[in-house]
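Here the structure comes first, spelled out in structure tokens, and everything after it is commentary.
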Amino acid sequence: MTLTADSDARTDLGLAWDHRFAALGPDFFTELRPTPLPSPHWVGTSPSVAQLLGLDEAALHSDEALQAFTGNRLLAGSRPLASVYSGHQFGVWAGQLGDGRAILLGETASGWEVQLKGAGRTPYSRMGDGRAVLRSSIREFLCSEAMHGLGVPTSRALCITGSPGPVRREEIETAAVVTRVARSFVRFGHFEHFAANGQEAALQTLADYVIDRYYPECRDGTGLAGNPYSALLQAVSERTARLMAQWQAVGFCHGVMNTDNMSILGLTIDYGPFQFLDAFVPGHVCNHSDSQGRYAYNRQPNVAYWNLFCLAQALLPLIGDQDLAKQALESYKTVFPEAFMVQMRAKLGLVEASDGDGALIDGILLLLAQNGVDYPIFWRRLSHAVGTQDMEPVRDLFADRAGLDQWLLLYSEHSMHMDLAHQADLMLKTNPKFVLRNHLGEQAIRAAKLGDFGELQTLQRLLERPFDEHPGHDAYAAFPPDWASSIEISCSS
Ligand code: AMP
Ligand code: MG
């Protein structure tokens, strides 16, 4: 058993590196090594993420990969670091945070940042142990891949490794490391950090880096009075608005929308106490630690705007004009409702916008809430019903049948010019059969704790292609069992 990271890295697993974040300089991070874990083993791998990185099957499943992705051996060419950021947590300025348990191995030559989450303490760990437990790592791994399967922008997950190494939470659990991948892990909180510390040069370096790498169109000088920083704020506002529209449409609650968990690329990142809605309860709070309900499902779009406001304040020294910053931020208020309508029209299989779409959508959301209808099952049943023209399976979901029938009448008027088979086909490609409900994740976790990763693999396979029927797996698309409501997911991870 090796307990010190092997300093003479012998393998690169075929990965080539180009460390662009690291080139920003020491104001932005601390270089360090992951802390090894004893006796690592595989928990899960994602072949599609391996393909993204150009990692072949043999390399992915090698012992070198197991050691490297647990943090026990450095990959040749990697340059591990933990980045510094700050942020607002639950509406309050929290000061410096930083990668407390994430270690960036670097950026591949093909432009993917690769991070180990749970690979030991960093200078930003504060009181934390730098570790992640198996259950939360499985949730992050599965949800990253599930969101990607749903077409929602997200960080990806290459693999999870586990170790018998003990980790103390409410009880003693075991350690795991998720290797996650994104074009960039830069957060709103990175900008807030340098703004709060009055480090304007670093703030500009970071903004220029993000623009040049990820938003080159903001340089072209045509948008927002030729100010690249307000153009950046506008672009991030628009991406975030589209992401929120997708979260709301798919029924995803993030749970901890602190500014340090907001991606500058508009990706879903930092999966913690997230949840996909079972019954449609607009005020649902998925994070057991969120006693005020700040991050309730129906508050997410407003919270995102609040977070963008924090980003705007951080960028203000660069933008140099408050009105310009406000104008950039305002784009959120037009893009979010538009993007939400696009998402909801797609769920209804309506190809063209028409008058009264808003009322149609508001109408069904109100009925779903009043009747406490299961959100994914409603949309999937409606998709089938449009094709078969048998509405009974949909009507069965509602206590208020008269209310639903009225709505169905309105819906059929909206669908009048559509070919129903085509409409149903579109809907079945928009409304997933499989989502990562809490109880499904929990089942995979319980099995994994006993050393059985079959459940995790099955779930992963279903969630990678959530719109396919997957015959023989209807149990994974069924109503949640009664015990699902007693699952408590908190920030403890
Ligand atoms: P979160 O809201 O869970 O994404 O994390 C907020 C902050 O706490 C970030 O700076 C994390 O890196 C840090 N953090 C969370 N858990 C741990 C841990 N177990 N050890 C060290 N830092 C942690
Ligand atoms: Mg975080």
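Each residue, glycine too, has its Cβ placed from N, Cα and C.
Under the heading active site, proton acceptor, TrEMBL lists ASP260. The ATP binding site annotation in TrEMBL covers GLY98, GLY100, ARG101, LYS117, ASP129, GLY130, ARG180, ARG187, ASP270. The Mg(2+) binding site annotation in TrEMBL covers ASN261, ASP270.
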Tell me which residues of the chain lie with their Cβ under 8 angstroms from that of ASN261 (Mg(2+) binding site), as long as they are six or more apart in sequence?
GLY87, ARG187, HIS254, ILE269, ASP270, GLY272
Pop the Cα-Cα gap between ASP260 (active site, proton acceptor) and ASP129 (ATP binding site) into the table, whole Å please.
19
Enumerate in sequence order the binding-site residues ARG101, ARG180, ASN261, ASP270 whose Cβ-atom distance to ligand 1 is under 6 angstroms.
ARG101, ASN261, ASP270
Ligand 2 is in the model; which of the binding-site residues GLY98, ARG101, ASP129, ARG180, ASN261 have a C-beta less than 6 angstroms from one of its atoms?
ASN261
For a quick check of understanding: among the binding-site residues ARG101, ARG180, which residue's Cβ has the most other Cβ atoms within 10 Å?
ARG180
Under DSSP, is ASP260 (active site, proton acceptor) helix, strand or coil?
helix
In three-state terms from DSSP, label ASP129 (ATP binding site) for me.
coil
Can you tell me the CA-to-CA distance separating the residue listed as 'active site, proton acceptor' and GLY98 (ATP binding site), as a whole number of Å?
8
Specify the secondary structure state of ARG180 (ATP binding site) as given by DSSP, simplified to three classes.
strand
By a simple count, how many Cβ atoms lie within 10 Å of the Cβ of ASP270 (ATP binding site), its own Cβ left out?
23
